[in-house]
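What TrEMBL lists as domain 'Helicase ATP-binding' is 210-376. Under the heading Zn(2+) 1 binding site, TrEMBL lists C437, C440, C477, C480. According to TrEMBL, the feature Zn(2+) 2 binding site maps to C446, C449, C464, C467.
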Amino acid sequence: MNEGFFHEGELVGVLTTQPLDRLLDYKAPEGGCHVGAFVEVPLGPRKVLGVVWRQGKGDYDRAKIRSVIRVLDVAPMRDEMRIFLSRAAEYTLTPMPAMLRLATRAPGLGDPQSMRKIYRLGGQAPDRMTAAREKVLGVLRDYGGLSFTLRELAEMADVGTSVVKGLVKLGAVAEEEAPRDTPYPRLDPDYGGKTLSDDQAAGAEALRAALRTDTYGTTLLKGVTGSGKTEVYLEAVAECLRMGRQALVLLPEIALSGEFINRVEARFGMKPAEWHSGVTMTERRRCWRMVGQGDAQLVVGARSALFLPYQNLGLIVVDEEHDTSYKQEDGVLYNARDMAVLRAAINGAQVVLASATPSLESWANVEAGKYQRLELTSRFGAAVMPKMAAIDMRVENVPGGKWVSPTLRAAIQTRLDRGEQSLVFLNRRGYAPITLCRACGHQIGCDDCDARMVEHRFLKRLMCHQCGETKPMPTVCPSCGAEDRLSAVGPGVERMGEEITALFPKARVAVLSSDLYGSARAMKAHIEEIADGGTDIIIGTQLVAKGHNFPLLTLVGVIDADLGLQGSDLRAAERTFQLMRQVAGRAGRAEIPGEALLQTYQPEHAVIRAILAGDEESFWAAEAAERKAAGVPPYGRMAGIILSSPNVQEVFDLGGEMARRDAPLRQIGAQVFGPAPAPIARVRGRHRVRLLVKADKGVPLQKALSAWAGQFRLPTNLRLTIDIDPQSFY
Ligand code: ADP
Ligand code: ZN
């Protein structure tokens, strides 16, 4: 008997992408099918995508069971992928169909391979040679053996397509059908390696040795920005390629992928496969298929690249592992960093978590002996972190409606005089966070959310940062009707642009904020121009904290270092610490030493002091002690429950009932807090209530949560979302 094979007519249990709570039984099609096969099955009047998951149950009238329509022409899902999806579903309390949708997010997987015509050198010599014909044949000879599409060939030869067609008729050029989705070019692990410094070389060797064990392991690769973490983990990628296994590099921000792809090309001679929301549908399909058949060795992508059908995944790198964007905040709520570790453990693969400012979770896993730790101590080339100092805003003389202190102004002037760059950092998009009516005190809010509208002067509109709704800037107050009394309160980056331009009229000023660009490409081009010295003063949001290189930058001025210190988020201190260190790390990357100045009203705050002292270890130790005492992550477990509905009474009623009937949670010693109105109590017209569940580490939290939530009947319009390990609490 063939293990996991079903003959025609045998019952198979199929997982579909449709929101059903169980597998469906079908008869195996003509020719049979394997477990893991991607199939098309009938469901009511429709045909849907599914995967043969296991043997059918047979608890259904056999006469009514229909047959699988066909087995799709793609590599079957591997056992480890089925295990991964099941375990990820259990962990995140996500229904399996939603997991399968995550794993099949490429268009046209059911379609037969589409074909296209390609052209290569034929056998015959043309009877009459012309200059145009000679050019075509020249191109084909130069690229010996390669084939091209009609348009590529005509373009490279600089002739019309009819010339190529003519050569086909004569047999001098051969025309063939080939699949449209082509394998990615082979990467050469020995192509462009750099000479590594001693600790870089030691780090690279440790990672290579870990890979050669062919087993699971996770390494935290820590080092300040510019210490060469990327160079080091690219050596691990190289080793993975040599071993014939596939590698995945996850990046937190697609805006970074362009720069990164170029580095990969410089290191391995060719570009890798890319997977993120900026990739075309055709390219997504190609990537999905080639990963599945082992014809993509390296994928660079966003978090959902974890769900591609790797054949033999040997390494996952999570760059900037502390970045909050690894947590998906809608649909399936998963943390890609944690899922990377799960996937690697199932695949016998290695994980590298790279960061200058690791998350406390990873820090704790190192302490517990679960992760290895590698540290790159010095910056490559230049030696140190920039000099850091606080500017005490309580003693600075700053006029109302202005935010740049005289001290910061003088520091920027010095850089201008020396022809160096400055960065003015403010983590607030738009022009002003509040639009206030001076006549009645009304603040303009979003109609659908419990949030203020933010003025975007560049777009000439007000925008809600919760739901994205925009409206034109009104001229009269929508509340009292007063004319010309609306005024902007508080700074955003656009407003900082105005202030800086007024202070330094001769300087070249650029505002860097993701919403100011029409496309990722436009943003990338602008960033490159700035890095080359096209700007004297850069004004930016957290976009600039993430991995761009500005070699001429020697000063970072943080407008509001206190932003983020307040708030109910348990990670507020951690995030502020990370963000400030990352921003400061932008200064002085080349030979010239840098300086970071933090404007603050609370220079004695523990977080601000730790940042200034550069004393990471003691910051993390203090933060860990506080969280241990409070029993919160990473030393305890949490789950957020969000109830939302257009009906405010219903959410509070259900919330109250859930808090009362908490027996399944009490059984594992967990506690429920709430219900409380969410900090943003209304989003897109839905009222929101939160509950928080806290438990000890090591208890079966997910099981208890499902038993608990399973007790309640939800009104039709009420949505209940469970967020395991919540990162945001809005
Ligand atoms: P990180 O990832 O830690 O921020 P990178 O790997 O991006 O650091 O290195 C910072 C810069 O220094 C990059 O431009 C990189 O190419 C360069 N660099 C790092 N190590 C070396 C090396 N051994 N030889 C040459 N250039 C290096
Ligand atoms: Zn809104």
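Backbone N, Cα and C atoms are what each Cβ position is placed from, and that goes for glycine too.
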Using C-alpha atoms, which one of the binding-site residues C437, C440, C480 comes nearest to C464 (Zn(2+) 2 binding site)? C437
Arithmetic mean of per-residue pLDDT over the domain 'Helicase ATP-binding' (210-376): 93
Just how many other Cβ atoms lie inside 10 Å of the Cβ on C477 (Zn(2+) 1 binding site)? 21
Given a separation of at least six residues and a C-beta threshold under 8 Å, show me what packs close to C449 (Zn(2+) 2 binding site) in the same chain. C464, Q466, C467, E469, I680, R682, V683, R684
If the Zn(2+) 2 site is taken as the center of the Cβ atoms of C446, C449, C464, C467, which further residues of that chain fall within 8 Å of it by their Cβ? G445, D447, D448, A451, M453, H465, Q466, G468, E469, V683, R684
So which binding-site residues out of C437, C464, C477 are up against ligand 2, CB under 6 A? C464
I need the most crowded of these binding-site residues: C437, C440, C446. Count other C-beta atoms within 10 angstroms of each C-beta and give me the top one. C446
Candidates C464, C467 (binding-site residues); min other-Cβ count within 10 Å returns C467
Cα-to-Cα gap, C440 (Zn(2+) 1 binding site) vs C446 (Zn(2+) 2 binding site), nearest whole Å: 18
Counting only residues 6+ away in sequence within the same chain, which have a CB under 8 Å from the CB of C480 (Zn(2+) 1 binding site)? C437, A439, C440, H442
Cβ-based neighbourhood (8 Å from the centroid) of the Zn(2+) 1 site, residues C437, C440, C477, C480 excluded: R438, A439, G441, H442, P478, S479, G481, A482, R485, L486
